[in-house]
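Enquirer: Next up is a structure, given as structure tokens.
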């Protein structure tokens, strides 16, 4: 095996720069800019320039794909303007980004970046064959792409590890302090510049002329003994699951959609690898992969549709469900295409996925518009249905409304609810508290507060969907500040603390309190005997508090005052803090601080 000389390496590097000058200048400038930000060691700067970094990262694959596309056209120099168009589109992408240094950035911007990032890499996979087609040349091109990725990752990875060990040796042996930032900067240099340069250095320019298939034994073993057995394993698992839900007559879980999608992608990968040699190679498994994989895949695609449409029917579209649904239609379309068409142009896989990724990023048909409108309709349906139930929401309905409010708030889209609830809800952080009628301002979105301002309360009797410890309600006594109490009718005062680990008996001067945690009941006793002077059942009062929502911090403080009396004694309890769990028929106090006032005749 002949190893490349230094002259060969430098020659390939120079040729790569001549062929991809814009791409490599873009990568070099971007890498050194990132290295500069790391030198400052400032998370503030990284956040401030995160839009620039995203744009720089996005541009790499688009410039590579554009160069491959232009090279296959007649008179490539006349099409150099395409690179200027790509540069203009990247500038437009950067211009549309908001200030990403703030904490509450609309996640749609990051999702849109991810779509364009994926689209750019898909563009690289078909760019030389967008206009012309040759099955053998396309297979060789994809093989070159895969080998280039592996080769560049290996060489740049080895270089990085070697340099890191060298820095560690200098640090340890010569007591020279190496700043921690140097390792991060070295990683950016190797990944950004070295990795990209090596990746671009070995691509032949006449891509369409490379038509000789070299399907080596290692690749055959990889497909026959690793990839295809994995495909069969996934098929077996999914068919077993399909049989299970048929026998139990239940709908599939949403998670199954990811497994079906993974199976389809793995199967398409196998088809691409074996496509030029499927009929000529001596292997029964490879020879019969087509059409049996696609025949077995179609019933599983039906399972995928049932799973995703069940989730959409119950909770509406989100971006994630939108992408799963689009993927389901794409998988179905590709499977039918590969089954029915004898002349299979496999470039249709990346081209179709590329188009879907671009179309999903904008417009009324796109993921963001469809998802927002769907969630608004879900909110309207639940909101109007609660009107016939005196605004008493079940746990599922209450949590769904909270989830929709958080979803729309994250996307600065609360105003979409104006026609349903009135415009006040679109002003983040300002809403009316029905316990005291006052307007209060918060620095975050309090979904329970918004639902309270709309008159929607959680039905205390509906606790079917509790967590392991039940539903948690809490109160902290900000509202007690400045409050005065009439104590003229009481002769004894004591602060009292009740929590989950409180002892059964709590001494209070000439009295003591017995606490029964299972029933949330206090019993007042005199120090002289065991006769109960006063029973103090807290559970009915605590259940009454649950109708104000789980966060009780804005409740009228008077509702935290509980009075009990009989012929032997009278008591007033003022809760300055309170936290308790409600689970089915039981209530457990986790913590509380109480002012206790007592009087005996």
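Note: Cβ is positioned from N, Cα and C throughout, glycine not excepted.
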Enquirer: According to TrEMBL, which of these ranges is transmembrane segment: 2-19, 20-37?
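Expert: Comparing 2-19, 20-37 with TrEMBL, transmembrane segment matches 20-37.
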Enquirer: Are there at least 3 C-beta pairs under 8 angstroms linking the transmembrane segment (109-133) and the transmembrane segment (289-310), leaving out pairs fewer than 6 apart in sequence?
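Expert: As far as Cβ distances go (cut-off 8 Å, pairs 6 or more apart), the transmembrane segment (289-310) and the transmembrane segment (109-133) do not touch.
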Enquirer: Let me spell it out: take the transmembrane segment (255-277), skip the flanking residues so only those 6+ beyond its ends count, and list any with a Cβ under 8 Å from a Cβ in it.
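Expert: Contacts with the transmembrane segment (255-277): 135-136, 139, 142, 213, 215, 219, 223, 227-228, 230-231, 234-235, 237-238, 241, 286, 289-290, 293-294, 297, 300-301, 303-304, 307-308, 324, 327-328, 331, 334-335, 338, 344, 346, 349.
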Enquirer: Using a Cβ cut-off of under 8 Å, list the residues of the same chain at least 6 residues beyond the transmembrane segment (322-341) that approach it.
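Expert: The answer is 257-258, 260-261, 264, 268, 271, 290-291, 294-295, 297-298, 301, 304-305, 308-309, 312, 348-349, 352-353, 356, 360, 367, 370-371.
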Enquirer: Select the range from 49-70, 109-133, 348-368 that forms the most Cβ-Cβ pairs under 8 Å with the transmembrane segment (20-37).
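Expert: That would be 49-70.
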Enquirer: In terms of Cβ proximity under 8 Å, which residues at least six beyond the ends of the transmembrane segment (79-97) contact it?
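Expert: For the transmembrane segment (79-97), the list is 22, 51-52, 54-55, 58-59, 62-63, 66-67, 69-70, 73, 109, 113, 116.
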Enquirer: With the transmembrane segment (348-368) as the reference, which stretch in 49-70, 109-133, 145-170, 182-200 has the largest tally of C-beta pairs below 8 Å?
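Expert: By the under-8 Å Cβ criterion, the transmembrane segment (348-368) pairs most with 109-133.
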